[in-house]
Amino acid sequence: MTEPILALSHICREFMTGDTKVAALADVTLDIDRGELVAIIGSSGSGKSTLLNILGCLDHATSGSYRVAGEDVAALDADALAALRREHFGFIFQRYHLLSELPALENVEIPAVYAGDTASERQARAERLLARLGMAERRGHRPNQLSGGQQQRVSIARALMNGAEVVLADEPTGALDRRSGEEVLKILVELHREGKTIIIVTHDPEVAKRANRVIELRDGLVVSDKRTDAAVATAAASLPADKPDTRSSRWSGLAFRFRETLRMALLSMAAHRLRSFLTMLGIIIGIAAVSSVVALGNASQNKVLSDISNLGTNTIEVFPGKDFGDARAGKIKTLVLDDARALDRQTFIAGVTPTVSTSTTVRYRDRESNVLVNGVDRSYFQVKGTKIAAGALFDAVAVRNIERQAVIDDNTRRTFFSDDQNAGIGRVIWVGKVPCRVVGVIAQQQGGFGSNQNLSVYLPYTTVQAQFTGDRSLRSVLLRVSDEVSTDLAQEAVTTLLTRRHSTKDFVILNTDDIRRTITSTTQTLAFLVAAIAVISLVVGGIGVMNIMLVSVSERIGEIGVRMAVGARREDILQQFLVEATLISSLGGIAGILIAVALGALLNLLLPGFQVSYSTFSIGAAFLTSTAIGIFFGYFPARRAASFDPVVALSRE
């Protein structure tokens, strides 16, 4: 005696309704042999659909034993049950359960996707099945473009896609007119003749007459099990080979399933464009904000540091006075040329320039304007990093001989001469009451501290002391520290030296590195604060992704049930919704990055001296962040989708 393909022994299935336990099946024992055409009949609530769900491994029994081809179903985990449904069963539903986003051909292919078949093999087999069922010309139509009978034919083709041994049909004619229902029954009878095991759940006695075995249920009990005179079909060998002879490798199967998952995610997004865009919007704003804040912070910092460099690179400057803002600083005359010479002899000093200054007027022909007169040494321009635009700088001889040679800045040139850079070279201007010959023009310095619209004239400091101030004391001593020496250590040494020379600390030191560090710290703090706000926006966007995905899961529970019924593993469902959430976040991240880059380019056009740039690292980090948000916030909805039992998901369609 051959082993039955399906064997149920003392099966019970109980449900809780409030505090009451209801038995849908009570002590059902059945054996179903290969090649049988079985009809399960009964009134509504008799337990026939529950029995069909247990037979198809969509539901589990409360007690009892169920074996499929000799294998105990109770010993199988969720993935093994999915494999059993995928390889042994085909389902035909009363409401068809076709996926609305897919055309008929791709609906038929779904079981083979989860089986890991190649795309070409899937398509060829699906086309053969549709052609066999008279649906070849409508393979590209979506479910809403098909009649009920046509949709049920597609459902039958899907049930046969993986070469199912057992076809389970739940009220297959219940939603069809008589003609369409008759066509579906003829197809099922034909499949039975070819060797398939067909189990039909119906309440229609006329449908049950087509079966060679009729099982009647009442209140969860088998009250009748009759066989007709019709012979059991055993001609399985004559059935065309719908099931593939070979499968792709495990890794290829994973790749195919992932590609299908990605395609389904894109289809779902396309079907709900506005919802997808609104979901992305939080991510777009967050990524654009974070990327822009980082880039703007770096640009601001670079701009400020560039402005600080205009004060001199690696420099410290000594001023008279007990402290900054000392009201008596102007009366302190102890900072003199000998101090500058003493500092110049120190090994850690790369350059020294004494400075004196005063304000006066400059006249050239009929033009007159107030200027700042700076008395400096030739090395001043090197220490400050100043570039010459035209002419030359005065030399050491001019300083020693107290010559009246002037170097003017670009503002002074434009005020008194034409826009030609060389226009003022060799001209004599009156600085106060002193005639001075212009020998050079320095290039305009962008930014800096204070207004860059001031007019400045640079003369040898000896000339300013002799011709203008009549004072031997200095306004300041500007020092350039050797590159290998810390400015902090140099500041301590200068303080020690001058305190010893003056017998008191009657000077203050401006360290440009201190300014640089302070401003850098400040800009970083501000950037951090703004970035924190942007990160909050990202988190809000991530929560939005999670909320929308939870809504999507609720709307697509029926789809989840269908996919599980045709063999999708829990990890396949998890992957599908996780990929969708990740895709939404990643596309939002890309859009946010593009907006940030466009904003940076616009700022660069509007503010030439302010250069916003985006590094490959920052762009990559922004993209990875958006992807991580999709994975993190999409995991919970995806896990919820994967946690449904197939029978529960199908019942909520």
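For all residues, glycine too, the Cβ spot is worked out from N, Cα and C.
Per Swiss-Prot, the feature domain 'ABC transporter' maps to 6-244. Here the domain 'ABC transporter' (6-244) has a mean pLDDT of 86 out of 100.
Among the features that Swiss-Prot reports, ATP binding site is placed at G42, S43, S44, G45, S46, G47, K48, S49. Cβ neighbour count for G47 (ATP binding site) (all protein chains, 10 Å cutoff from its Cβ): 22.
Long-range contacts of the transmembrane segment (277-297) within its own chain (CB-CB distance under 8 A, at least 6 residues past either end) are made by residues 523-524, 526-527, 530-531, 533-535, 537-545, 548, 584-585, 587-589, 591-593, 595-597, 599-600, 603, 612-614, 618-619, 622, 625-626, 629-630. The transmembrane segment annotation in Swiss-Prot covers 277-297 (among others) and rests on sequence analysis.
Same-chain residues lying 6+ beyond the ends of the transmembrane segment (526-546) with a Cβ under 8 Å from its Cβ atoms: 278-279, 281-287, 289-290, 293-294, 296-297, 300-301, 581, 584-585, 588, 625-626, 629-630, 632-634, 636-637. Swiss-Prot lists 526-546 (among others) with the feature transmembrane segment, giving sequence analysis as the kind of evidence.
Annotation source Swiss-Prot lists transmembrane segment at 587-607 (among others).
Feature annotation from Swiss-Prot assigns transmembrane segment to 617-637 (among others); the stated evidence is sequence analysis.
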Subject >> Non-local residues, at least 6 beyond the ends, that sit with Cβ under 8 Å of the transmembrane segment (617-637) >> reply: 283, 287, 290-291, 294-295, 538, 541-543, 545-546, 549-550, 552-553, 577-578, 580-586, 588-590, 592-593, 596-597
Original post:
Other than its close neighbours in sequence, what residues sit by the transmembrane segment (587-607), given a CB gap under 8 Å and a spacing of at least six beyond its ends?
Top reply: 279-289, 291-292, 295-296, 541, 613-614, 619, 622-623, 625-627, 629
Original post:
Among the binding-site residues listed here, G42, G45, whose Cβ has the fewest other Cβ atoms inside 10 Å?
Top reply: G45
**OP:** Taking the Cβ of K48 (ATP binding site) as the reference point, list residues of the same chain whose Cβ is under 8 angstroms away and which are at least six residues distant in sequence.
**Re:** I40, I41, G42, V201, H203, L217
Subject >> Winner by Cβ contact number (other Cβ atoms within 10 Å) across the binding-site residues S43, S44, S49 >> reply: S49
Original post:
Taking the Cβ of S46 (ATP binding site) as centre, how many other Cβ atoms lie within 10 Å?
Top reply: 21
